[in-house]
Structures are given as structure tokens and as C-alpha cells.
Amino acid sequence: MENNNKNINTTNNSTTINTNNNNNPINKNNNNNNINNNNNNNINNINNINNVNNNNNNNNNNNNNNNNNNNNNNNNNNNNNNNNNNINNNNNNINNNNINKKNINNINKNKINNNNNNEIGEEKAVEGGFLAGLSRNVTRIIGSFSSGMAEESAGYPLDLIKTRIQLSQSGVSGGGGTNTSIIKIFKDVIKTEGVIGLFKGLSSPLILSALVTAIQFGLFEDTLKYFRKHQYFKNHDTLSLLFSGSIAGFAQSFITCPVDLVKIQMQIQGIPSSQPNSNNNNNNNKAKGNSYFTKLIYREKGLLGFYQGLSPTLFRDVPGLAIFFTTYETLKKQFGQPELSTQSPTEFIKSFIPIVLSGGSAGVFYHGLTHPFDIAKTLIQSDRSATKYKGTFDCLKQVYQNQGPKSLFKGFSAVAIKSFQSNAVGFLVYEMVINL
């Protein structure tokens, strides 16, 4: 019994449970409820989780909102700061505008003052430039005048001898004969007229030669400066020198012609009346002066009479001065530009050598190449009747036919010596004065 009961219980228990589980409606409902509850619980759990997540999200949102609020606050603060900065900037702009207005006023005042100062400065600059230019021109004029007087004085005795030789029938250039003629005429002048006779007629050409030299040098330098401004002549400087010298020669011919005419009339006073071309009153031993011959020429021929011999003068001076200045400038460059230093007597003398050699050589080239025209000028100007020669080339033709080709260089020995020494002295004086 006990065993059976046990078995039955066991079985019953199991069975009961199973039966209860399967067949009892309440249990089924309970189970369903439990299931539902579990589901609900699960749902609740899920909802709780969702709520937690929502809460977290809300917290995050709140944090974000707080951050945004903080950012907004920061932005507001920045905006406030910017507004303050803008206000400050506006104030600064206002201050700057005021300062700018003041600066503009000051600038305008300064401009007015500067304009006034510039006008004063320009006036002073013009005045300074004018004075500087005037000083240079005055120095150049003084140098030219001094050069002309020194040149004329140094070469005048030989110029007188040259004129006498050119007018004589016996003096022929070359060899000992010419040297004898120079010495002979030199002795004759001193014997018959004294030492002062070597300077007969000097007073008029002395002053006028200074004027001629001033015009000659001034015109040459100004013309040369003009030519050298042009690129073509910068690349062909020799042409600049030739053209400038030619222009200076053309201008000076209109001054030297009347001067030489009066000078030659005075120089031939000592020639014996038996010689042709003497045209003087030797019966009166008292020499006539410049004023006498100036009045005589004007009375007989008028103003145009002073330009007797202008044609050969132009033939001599236009190409002559072109050669003269070109030779001088070229040789001076070859010898080296001298510095007129006074450091010692030896250096002072050495600095003169390039000038002396350049100036003297230029004079010899000038008169050597134009000497036939100088002879024609002398013969035409010594013919007071102005009927013997029809012109320059007619004069040269007659000289050539009557006396041979050598006569075209009659008196050149005296001319060469005179040209070298007078032009050497002339350039030396000029360079010394303008470099002082």
C-alpha cells in the first residue's frame, strides 16, 4: 500500500501537474497572464530602456541646449564685444577723420608753403643757375679775351714779317733763302723803324683779336655742345668738331676781314715805294695810325670797303678753323687731358706741355693747309685800288703764272713759326684762365 501510494502520488503529482497545466482554465489564464505580464514587463523594460534612452537623449539635448545657450551667450558676448569694437572703431574713425581733416589742412598748408618754397627755390635755382652760367660765361670771355691778346702780341712781329714777304717779289719759301728773307726783313725793320716797328699796327688788332677770339671760342663751344646732344654726332665726334669749327670760322671772317684790312694797310707803310703794292706815302716819315686808315677806307669806299678780301678770308677761315679745332681737340686727347696743378714747379710746367704742343700744332696745320688763300687775302687787301684782281682764284692764278707754284707758299716759314708760338700761347692762357 505504501508503495502503491507512493507511486500513485508520484504519478499523480506529475500527472496532476500536467493535468493542471493543460486542463485547468484558471491556470491557463494565469499562464497567459503571466506571459502577458512578462511581455508587458518586457515591454515595460523596453519602454524603460527607451525612457532611459530618451532621458539620455533629453539630457544630451539639454546639454546641447546648454552648450548652444552657452554658445549663444558667447556669441552674444562676442557680438557685444564686436559692437563695442565697432563703436570704438567708429569713434576711432571719427577721430581719424578729424585727424585726417587736420592732416589735410596741414598738408594743404604744407603744399602752399612748399609751393611757395619751391617757387622761392626755383627762383633761387634759376638765379643760382643763371649766376653759375653767367660765371662760366664771364670766365670763358675773360679767357678768350686774354688768349686773343696774348696770341696777337706773341705772333705779331712774325705776322708783320710774313706780310712783307708775301708782298715782296724776292722772298720765296723754302731753304736758306727764306730764312735769309725773314732775318733780312727783321733787321731792316729794326734798322729803319726801331724795335717798335715790329709792332706797327698792333693796337687795333690787339683789341679786336681779343673780341674775335671770344666769339670764335664761344661759338665753337656752344655749337659743339649742340651737335653732341644728337646721337649721330655722338657717334661721329670728328664731324661735330669739323662743323663747329666751320661755323666759328664763318662768323669770325666778318670781323677779321676789316681788322686785317686796316692792319695790312699799316704794315705795308715801311715797304719802299719802288715795290709794287706799297700804296703808301713814304714821303711823310711819320707813320700813319689805325684811325687814319680806317677813315681813309671809309671815305674812299664806304662801309663795304672794309670787306675787301672777304672771299679769300672765308676760304681761309671756314675750312681753317674746322681743321684748327679738330686738330687741337684730337691731339689734346692723344696727349692726355692736362691738369693745371700747382703742386710743384716741375708738375706745373709739365701740365703745360700737352696744351702747348696741341695748340701750336693746330695752328701750323690751320695755316699750312690754307696758306694760299692767306696770300690771296694779303694781296687783295694791299691793293687799295681794288682793280688788280677779279677775285680770289684770279689772284692765285696770277701769282702762279708770274712767280711759279712755290710762290703760293711764300712766307710760310714765318707763318709756321708765328702760328706755333702764338696759338701755343693763346691756348695756354685760355686753359689757365678757365681752369683757375
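Backbone N, Cα and C define each Cβ position, glycine as well.
Swiss-Prot assigns Asn137 and Gly218 to the same side of the membrane. Residue counts of the repeat 'Solcar 1' (135-226) by helix, strand and coil are 81 helix, 0 strand, 11 coil (DSSP-based). Note on the repeat 'Solcar 2' (236-334): DSSP counts are 76 helix, 0 strand, 23 coil.
Listed as Cβ neighbours of the transmembrane segment (239-259) (distance under 8 Å, sequence separation of 6 or more from its ends, same chain) are residues 204-205, 208-209, 211-212, 215-217, 219-221, 223-224, 227-228, 233, 306-310, 313-314, 316-326, 329-330. With a cut-off of 8 Å between Cβ atoms, the residues of this chain six or more beyond the transmembrane segment (195-215) that come close are 140-141, 144-149, 151-153, 156-157, 160, 186, 189, 248, 251-252, 255-256, 259-260, 262-263, 266-267, 269-270, 287, 289-290, 294, 426.
Long-range contacts of the transmembrane segment (414-434) within the same chain, counting only residues at least 6 positions beyond its ends with a Cβ under 8 Å from a Cβ of the stretch, are 139-140, 142-144, 146-148, 150-152, 154-155, 158-159, 161-162, 165, 182, 213, 217, 328, 338, 340, 352, 355-364, 366-368, 371, 374. Under DSSP, residues within the topological domain 'Mitochondrial matrix' (369-413) fall into helix, strand and coil as 33 helix, 0 strand, 12 coil.
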